[in-house]
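Enquirer: Per TrEMBL, signal peptide is recorded for 1-26. Marked as transmembrane segment by TrEMBL: 118-139, 177-201, 213-234, 246-269, 275-295, 782-803, 815-834, 854-873, 885-905, 925-946. If you look up TrEMBL, you'll see 426-529, 543-642 marked as domain 'Calx-beta'.
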Amino acid sequence: MQLFLKSIATCALFVFFIYSTAQSLAKVQYVDDGTRVSYRSSLLNRTDISQNQSPFHSRRLRQAPDDGGLEGTEISFKEENVQDLATKTDSEEIRVCGEGLVLPLWMPQKNISMGDRLIRGFVYFLLLIYLFVGVSIIADRFMASIEAITSIERTVVVRGPNNEKQTMHVRIWNETVANLTLMALGSSAPEILLSVIEIYAKDFESGDLGPGTIVGSAAYNLFMIIAVCMVWIPAGEVRRIRHLRVFFVTALFSIFAYVWLWMILSVISPGIIEVWEAIVTLLFFPITVIWAYIAERRMLVYKYMDKNFRVNKRGTVVAGEHDQVEMDAEKGHHPMVGFQSHRNSDAEAFDEARREYINVLSELRQKYPEADLDQLEMMAQEQVISRGNKSRAFYRVQATRKMVGSGNLMRKIQERAHSDLTEVKAQLQQSDEDDPDEQPTRVYFEPGHYTVMENCGEFEVRIVRRGDIHNYSTVEYETQDGTAVAGTDFIGKKGVLSFPPGVDEQRFKIEVIDDDIFEEDECFYIRLFNPSENVLLSVPQIATVMILDDDHAGIFAFSDSSFEISESVGLYEIPVMRYSGARGTVIVPYWTEDETAVGGKDFEAVRGELIFENNETEQKIQVLILEESSYEKDVSFKVHIGVPRLAPDDELQAKIQEVENKDTKDLTELDRILLLSKPRNGELTTSHVRIRESKEFKATVDKLVAKANTSAVLGTSSWKEQFKDALTVIPADESEFDDGDDDVEEVVPSCLSYISHFVCLFWKVLFAFVPPTNICGGYVTFVVSICVIGIITAVIGDAASYFGCALNIKDSVTAILFVALGTSIPDTFASMIAAKHDEGADNCIGNVTGSNAVNVFLGIGLAWSIASIYHMSHGMTFNVEPGTIGFAVGLFVAEALVAVAVIMFRRWNKNIGAELGGPKNSKYISASILVFLWLFYVVICTLEAYDIIRI
């Protein structure tokens, strides 16, 4: 905001300087008027005009009928008494303003004093600033709609390295095409529309304001914006162009655009714009876009060059530059590799975006070890969005919002990250919890396996009902023999279970018969059958009951040879089972062993002993799994159990010890059975534990990466949100310009924030009526915004013309100096933010050259095509006086070549190695050269406009 106010103050001082200069130049012009009038009269009185002579003689050339040529045509001038002009005195009026298209004329126009002109000029100057602010605010809505349109994605399924299917999101709009079409239109809409509107306002005659603004804006963008960005880079940092081929194409066309403009003005058909010239100028716009796309996609001749792929941090697959490989290598990123197919490049691109998220999450985990995963995921999502490469629209909107007191977009990123995480968690939870009322009624055992001791007496069996439980249901059950026989080992049972409405479970008991004979473990089954109507039997519909003998110490083993777990499980319990007896207290040693999983990194290594009390059949080894939040993880370790032994103080141990002390010959049958009842290991004494990534975390990452773009940050979802933003004062975080610290404390709005908010409140509330960007994908916002920009631009054109008229400044000078500067200020601040926070210089330099080319081809090409076709349909020619515009174009081309040479010298110089930043002395020298080029351009064009310099 402070920079914005300083810019306004500088412009105000500049206005007074230009005003005084214009008055002085006007006086010099009048002193020499007699000589120039005589010169013009001699030209008009010549009767033998050669066809080879230039067909224009004055800047006041009027329309001539198209009767086959200019030879012999009588040329008329504006209704003006040339003799009176030569004898004017300083006290008489210098210029009379014409009626504008929208803005009413400030009357009277005759006999105006110097002080009156100064007051009118100052009022028009303030009005221009306010209009520039308004057009910047609505241009932000326009850019937000463009961001929403160009962020539309489609879902594609590709195969990964192991031929597995991967679902990813790819943007429909190509990055280069978007930057050269909609993004360029968004940032240059006022200049382009001003050129078109001026043609209509002047009855399809040419004017100086529209073309002058485009040429002046091009000069300011190329010289001043790049100069500011050079010195704005923090000390010790550099920014290089990544899309170098695209830059070469846009730089070539940006210079060619103005060469072509000069040729059609002064060489091919001097002073006349023919229809084919205007249409060809317009057609150069799609040619530029197509050529840049070919270069970016490495088609035609470019396909024979080295090819690498890269992905921006929003998951968009793009062809990478060789320079990008160097940048990634310096930062320690994974080197890019060549791909044989588009399928593999897509998969690698999406994986890279996910790796970026995981890396950020790992950094945050180390920085905030006490934070829970949800907090870390939200912070990671925020940083992924804020760190990622931003579009041209993002920086433009960010700059304008900071200037007008609408806050920092970084704060909205925080809200967006929280919203994204909440939405993703809700989606995952919803997918796991289906509506039970919509499912059919199911009946099954829960659990499906029972392990009971022989001496337990009886145990309870549980049957549950799931799905629709609002009706009455029944199911029958019965026991079936296995190795255990009904009547000997258990009491058989058969019956019917009834489920009244609302009841979701029923239970019944089965009795187990105990004996004193040592036996192996035995089992029997319980079966469900014959359910009532509209009831389904679900798995398990047969329950297994294992009867353990209580006369043996037991056999110990793992329940399974391997376990697969998620790294997010935390404390995992590995079951150790005791079967074929459960008598006595038994101690079982255990320990872990590293494999691909490393103790202390993937899990906490443990060693200890399990104690099985009398009749206890299961114990669990607890292992803490360390979560790294890995997207893809597959490591394992082993868990062992040693030889079990009876507790020293156990009664069974004393009996066994007594029997072992007997002679073998003296052992009875009961003694031999007692010795067999000693605890021992089963077959599974080692189990493998496989640690995989968390499925929930993986799904969360996939969904968050898919959402990690800035379109939703720039856009709005409702009119309520728009009016709330319009009426709320949000502090503009000045650290965005100063230190870029991520840990910025919450601040209250400053006095400047309140002032800028209330000054711009009218525009904010007015533009809150524009439809939100979520309607029809942003297309409605696009159409409404560009219409509003056109209306405000028409008012700007009138105000600029009145401003120049009041201060006696010519339209060509007003366009080059004031209008071009006013429309480019938001782009300046946007480029400064982009230069500081982007990894490359494309948003600062590449977009400048692309925008300059688009402005000529689309802005001037469209306006002149309309005018030339209109004149052709009326049997006339569309005349455009080369004058200041032709001179300004020629001068700009020469200086643009110097500027591009300076930029390329900085890139290829070993001591600098980049277009922006670098050593302090070199960047200030380079910036000084560009600033001098702009000042020289402005001064020379101004002197030429007032005929001080004649070309």
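Just so it is clear, glycine is given a Cβ too, placed from its N, Cα and C backbone atoms.
These numbers come from a predicted model, not from an experiment.
Describe the structural surroundings of these features, if you would.
Expert: Outside the transmembrane segment (118-139) by six or more residues, the chain places 8, 11-12, 15, 19, 106, 112, 186-187, 189-190, 396, 400, 403-404, 759-760, 763-764, 767, 770, 785, 788-789, 792-793, 795-796, 799-800, 802-803, 806-807, 818-819, 822-823, 825-826 with a CB less than 8 A from a CB of the stretch.
Long-range neighbours of the transmembrane segment (177-201) within the same chain, counting only residues 6 or more positions beyond its ends whose Cβ lies under 8 Å from a Cβ of the stretch, are 100-101, 135, 139, 142-143, 146, 149-150, 207, 209-211, 213-214, 217, 250, 288-289, 292-293, 391-393, 396, 786, 789-790, 792-794, 796-798, 819-820, 823, 827, 830, 846-847, 850-851, 854-855, 858-860, 862-864, 866-867.
Here the transmembrane segment (213-234) has long-range neighbours at 188, 191-192, 194-195, 254, 258, 740, 815-817, 819-821, 823-824, 827-828, 831-832, 834-836, 841, 844-845, 848-849, 851-852, 855-856, 859-860, 885, 888-889, 892, 895-896, 899, 903, 915-918, 923-924, 926-928, 930-931, 933-934, 937-938, meaning same-chain residues at least 6 beyond its ends whose C-beta is under 8 angstroms from one of its own.
Using a Cβ-Cβ cut-off under 8 Å and counting only residues 6 or more beyond its ends in the same chain, the transmembrane segment (275-295) has close neighbours at 174, 176-177, 180-181, 245-246, 248-250, 253, 257, 260-261, 264, 268-269, 302, 850, 853-854, 856-858, 860-862, 864-865, 867-869, 872, 878.
Each residue in the domain 'Calx-beta' (426-529) gets a DSSP state, and the totals come to 10 helix, 51 strand, 43 coil.
Cβ atoms under 8 Å from those of the transmembrane segment (782-803) belong to residues 97-98, 100-103, 105-106, 120-121, 124-125, 127-128, 131-132, 134-135, 138-139, 141-142, 145-146, 149, 189-190, 193-194, 197-198, 201, 209-210, 767, 770-771, 809, 811, 814-815, 818-819, 822 of the same chain, restricted to positions at least 6 beyond its ends.
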Enquirer: When each of 246-269, 815-834, 885-905 is checked against the transmembrane segment (854-873) for Cβ pairs under 8 Å, which one has the most?
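Expert: Per the Cβ under 8 Å count, 246-269.
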Enquirer: Apart from its near flanks, which chain residues at least 6 from the ends of the transmembrane segment (815-834) lie with a Cβ under 8 angstroms of it?
Expert: 3-4, 7, 11, 14-15, 18, 128-129, 132, 135-136, 139, 187, 190-191, 194, 208-217, 219-221, 224-225, 228-229, 232, 390, 392, 395-396, 398-400, 402-403, 736-737, 796, 800, 803, 843-844, 847-848, 888, 938, 941-942
Enquirer: So what's near the transmembrane segment (246-269) in sequence-distant terms, Cβ-Cβ under 8 Å and 6+ beyond its ends?
Expert: 176, 180, 215, 218, 222, 277, 281, 284, 288, 291-292, 295-296, 842, 845-846, 849-850, 852-853, 856-857, 860, 880, 882, 885-886, 889-890, 892-893, 896-897, 900
Enquirer: Quick check on the domain 'Calx-beta' (543-642): DSSP residue counts for helix, strand, coil, in that order please.
Expert: 3 helix, 57 strand, 40 coil
